[in-house]
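What follows is a short report on a single structure.
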Amino acid sequence: MRCLALDIGGTKIAAAIVKNGEIEQRQQIHTPRENVVEGMHQALGKLLADYEGQFDYVAVASTGIINNGILSALNPKNLGGLAEFPLKASIAKHTDKPIGLLNDAQAATYAEYQLQNFEQVSNFVFITVSTGVGGGIVLNQILQTGSRGIAGHIGHTLADPNGAICGCGRRGCVEAIASGRAIEAVSSQWEDPCDPKEVFERFRKNDEKATALVERSAKAIANLIADLVISLDIQKIAIGGSVGLAEGYLSLVEKYLQDFPSIYCCEIETAKFGQDAGLIGAAYWVKDVLLDKPEGTIYG
């Protein structure tokens, strides 16, 4: 079956035909920044028209939270005016094909899970450490989306009760300590300010301030991993994102994990899918859950 997959982010919307995990006819446009509600309706309509007659179903991976087809977020400001956008209904105006939607990190998780040996790994987590910290959880070979679509927002678990206020409004979330945004919040205040990319360059040169900042991030992720393993019996975790894949970061996370009792540890690997993880994961998930198992529940 051929899927029209859409990946809706804060700055771009990617679209492609996905068949058997392979990307075809990929295109990318800017997410509307002005008149955003009408602009999004128009953008979706154009993309559906571009691929008319070429797909059997639609799969959407989107930033934010998808609940009953409505787009929202823990921090609505991140959506730039698209909070409570009727995403599924907007797409349904242009096609009568089946439509499934889920969060982009959940979709990426499902893509990464397709590379695992299902018999050996039934409990799996994907963590993306980038501008923010997000992820997804697979338990008993089933991707967890939750009754409200929020399952997997692991970046908003507690890392430091005395830490910085997170964008979600809570104090001390993992995201407020480990993310690229959190790193930049500190490094931009230095006498010699820099962005996260340069922080890592300085870290690799053993700069004291940069090393302390990167270590702080890696410790938060190591503790997050330990919490996930001990609470959910996770067998393997894949780490991605611009921070998570930065040279030297994963080995630092693993170093801190070695300080814990072994029961808190599991196998860690780098994420294999790149920018198309959301497209591929959404296509697989909608096919597996909505089309191949019609008795299953679709959130989104």
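Every residue, even glycine, has its Cβ placed from backbone N, Cα and C.
Here is what Swiss-Prot says about this protein:
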type: BINDING; residues: 5-12, 132-139; note: ATP binding site
type: BINDING; residues: His156, Cys166, Cys168, Cys173; note: Zn(2+) binding site
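Structure coloured by features recorded in Swiss-Prot.
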residue : record              : Cβ contacts under 8 Å, 6 or more apart
Ala5    : ATP binding site    : Ala15, Ala16, Ile17, Val18, Val58, Ala59, Val60, Ala61, Gly278, Leu279, Ile280, Ala282, Ala283
Asp7    : ATP binding site    : Ile13, Ala14, Ala15, Val60, Ala61, Ser62, Asp104, Ala107, Asp276, Gly278, Leu279, Ala282
Gly132  : ATP binding site    : Gly155, Gly167, Glu175, Ser179, Gly180, Arg181
Gly134  : ATP binding site    : Asn103, Asp104, Ala105, Ile127, Thr128, Gly152, His153, Ile154, Gly155
Gly136  : ATP binding site    : Asn103, Ala105, Gln106, Ala107, Ala108, Thr109, Tyr110, Val125, Phe126, Leu143, Gln144, Ala151, Gly152
Val138  : ATP binding site    : Thr109, Tyr110, Tyr113, Ser122, Asn123, Phe124, Val125, Gln144
His156  : Zn(2+) binding site : Leu74, Cys166, Cys168, Arg170, Cys173, Val174, Glu175
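Neighbour counts of Cβ atoms within 10 Å were compared across the binding-site residues Cys166, Cys173; the minimum falls on Cys166. Under DSSP, Gly136 (ATP binding site) is assigned to a strand (E or B) in the three-state scheme. Neighbours of the Zn(2+) site: apart from His156, Cys166, Cys168, Cys173, residues of the same chain with C-beta atoms within 8 angstroms of the site's C-beta centroid are Leu74, Gly155, Gly167, Gly169, Arg170, Val174, Glu175, Ala176.
Under 8 Å, Cβ to Cβ, and six or more positions away along its own chain, Thr11 (ATP binding site) finds His30, Thr31. Mapped onto three states, the DSSP output places Cys173 (Zn(2+) binding site) in strand. Here Gly9 (ATP binding site) comes close to Thr31, Ser62, Thr63, Asp104: these same-chain residues lie at least six apart in sequence, with C-beta atoms under 8 angstroms from its C-beta.
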